[in-house]
4 protein chains.
Amino acid sequence: MATPVYSGARTAQRGRPRDASRDDALRRAALEVMAEVGYRALTMDAVAARARAGKATIYRRWESKLDLVIDTCTQLAHQNLPEPDTGSLTGDLREFLSGFAAFLSGPIGKAAQALVGELPHEPELAVAFRETFLTTQRDVLRRILERADERGELRPEAPRGMAVELAGAALIYRLMLTGDPLDLPFVDRVVDQVLVPLVAEGHQLTGVELT
Amino acid sequence: MATPVYSGARTAQRGRPRDASRDDALRRAALEVMAEVGYRALTMDAVAARARAGKATIYRRWESKLDLVIDTCTQLAHQNLPEPDTGSLTGDLREFLSGFAAFLSGPIGKAAQALVGELPHEPELAVAFRETFLTTQRDVLRRILERADERGELRPEAPRGMAVELAGAALIYRLMLTGDPLDLPFVDRVVDQVLVPLVAEGHQLTGVELT
Amino acid sequence: MATPVYSGARTAQRGRPRDASRDDALRRAALEVMAEVGYRALTMDAVAARARAGKATIYRRWESKLDLVIDTCTQLAHQNLPEPDTGSLTGDLREFLSGFAAFLSGPIGKAAQALVGELPHEPELAVAFRETFLTTQRDVLRRILERADERGELRPEAPRGMAVELAGAALIYRLMLTGDPLDLPFVDRVVDQVLVPLVAEGHQLTGVELT
Amino acid sequence: MATPVYSGARTAQRGRPRDASRDDALRRAALEVMAEVGYRALTMDAVAARARAGKATIYRRWESKLDLVIDTCTQLAHQNLPEPDTGSLTGDLREFLSGFAAFLSGPIGKAAQALVGELPHEPELAVAFRETFLTTQRDVLRRILERADERGELRPEAPRGMAVELAGAALIYRLMLTGDPLDLPFVDRVVDQVLVPLVAEGHQLTGVELT
DNA sequence: CGATAATCGAGACGGTACGTCGAGTCTTTAG
DNA sequence: CTAAAGACTCGACGTACCGTCTCGATTATCG
């Protein structure tokens, strides 16, 4: 599901029209509550109360708590990924990954983490989640590598897919598993020690251990 | 928490002692139920019923559902990490990571995933989780690198910490986020394209894109 | 308590109104269950299940099992006391007491008995109980004596209060303590051997021992 | 049941002998707890704790909570009924009933009341209860009337059985139902206005209404 | 215009699970 | 074998949340 349900192109729209401003109010309330108490402890009653809405108003738009949360995240995710074009591979990576890191460090990152545990048992959620948090980011990275390739910065046999995967993995592993901060020094190390050596022409593996 | 609560300070041991065999029966029941329906849908009643135990018998040992699950996983996790010593870095990495991948692909991996969403709101869980699933594995990897270093296989300035982090990140990202299989080819690619080039002496970055 | 709790003060009636038909269904279920298994063994789950109601629906109306039972009895008690006016003291007494005996012999008598044990520890219950089972019946008896007095049937110094008390005592003692049946012969003996001689003009104490 | 269970005249009595003083301590504890919180709220744990005994020590003697309470009451009931012989019907009645009233006004009266509600569903209890609280008292009254008869104080056709029943009914009705006090003035009125007129030779029904 | 119909906040509804507590049994150590 | 202590199974307790439903009131379009 993961999108407010509208009764699909109906015949001439009878009755009182749905108040679109409630969508936002409810999503905002859901995000606030989830940021405060986490996904598990989020209750529909709490969301409804915070938005001063009836529960039916929620269920008219989303089929379940999960559905509401997915949509809330998706909505916010689509507008926050920068696509830099600095002219150099290193610059593009640094800029994009630091933006993505900042994005993940906010409330949406917490929400995303809350959803991870549900993925194996909620196929629809899994699809939506991957679309929102993985595919989009992966596509931007792929285009960055492509442009670098056109500029001749990449070695021919560079493992582009692995680089893309590692970039995401490194950030999300920190965010969700170790709990270490997604700060700029870390992004720099990922770029300089891993990604650039992995794919760029003429690079020696000369990373310096910084910890 | 994450461990059955015993009344501390062996004060002469009055009354009927806890039946230790119930601990196992309850953990076993919890694992079975979780494997069948997932963490969210796991109920204490179901665990109690399957173990033919009263709920009080559970709550006497663990403070909550979460606590029970953590302990169940921890118990099982401590005995499943191989520590290979094949004499070569590549061999050690390949063997260890494929073992770890197999371990994560089982029911414990699913349980671990279920717990990830709770980490930000459960500090005790976070500590236990990292101890169980991250530190142990990280330490083995560190020792593998150390032995390789002693054999002179590593470059002096190799980013050992980053390599350790990437190894875990790559596997867990697949397991929990993308859902792609943790099979042998994938482990080989991580070893050959990423880890070995990252730290080993005399390696050119010559990974071949396979996917 | 002893009455369904309504949110007092008809404040504009917000939200879905209580379904009054559930009150009856729940009371009926409670009475059935109590008749089958007694007060002690009556469980809220059983009442809820029989009425196909959620337990919250019960607790929304009554604070406790005791409260539910009190209200159930009170409800049924208010409509079952006859007030005969046959024109003679003997006739009135006979008719009223046999009606009261029949009433007590039914399920409500059993329920009343179940409540007696709680009276000392439940002041609210005591008040409600006495109002329902004692005062009402006592008032009818008092009026019967009054009418007899107006017809000149009573001796001036007749102990009216004692007569009223004895009438109730004799019936309830049988019902709850001895377990002997509250049948017509018994009522007749109480009227002929005790009450009428106690208060009526020109009566000799000529009761004949029957048992 | 209603009596401590002893393993019946065993062969040579092996093992540690049962400590008879625990019987009393447990009964005392049971009576105290019941006086404080009533029968319903009495718990075996509370009784055990107050007597500093284990629950098994209770269950070794009595089969259930009900059994314990019955026995506790019975034990105390058997030693408290006076059998006066003042030489006159009025004197005997007055003395006996005031003694019985005092007895009922104590903790045992409360306990008895607590048991009334269980009678319909506990046949064994009913038998024990009636034996303890009804039959004994009824027999004394019967003997009082017999002696009065032998002295020629009774009318030949006096309803002796009814008088006996009324005496008990009047007291217990007050005690358990109305909650009015069982004081001396009340006993006197029962004797003078009801019992004596009902059975004694040469009595006019001249009771004076006092309250 | 009035009638119709879908919306809104509010909260009652049937269910399910929660975590606690009591009854009665069992199992330990100590005597 | 009995004692105290306390763990054991079972089941009811009263609460909280889910997702649905029903109310009065509101807001649009249709006839």
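The backbone N, Cα and C atoms fix where each Cβ goes, glycine too.
The range from C:23-42, C:43-62, C:163-182 that TrEMBL describes as DNA-binding region is residues C:43-62. Looking at C:1-23, C:116-138, C:139-161, the stretch flagged in TrEMBL as region 'Disordered' turns out to be C:1-23. Proximity of distant same-chain residues to the DNA-binding region (C:43-62), defined by a Cβ-Cβ separation under 8 Å and at least 6 residues beyond the stretch ends, is recorded for 1, 4-5, 18, 22-23, 25-26, 28-30, 32-33, 37, 68, 71. Taken as a whole, the DNA-binding region (C:43-62) shows an average pLDDT of 97 in this prediction.
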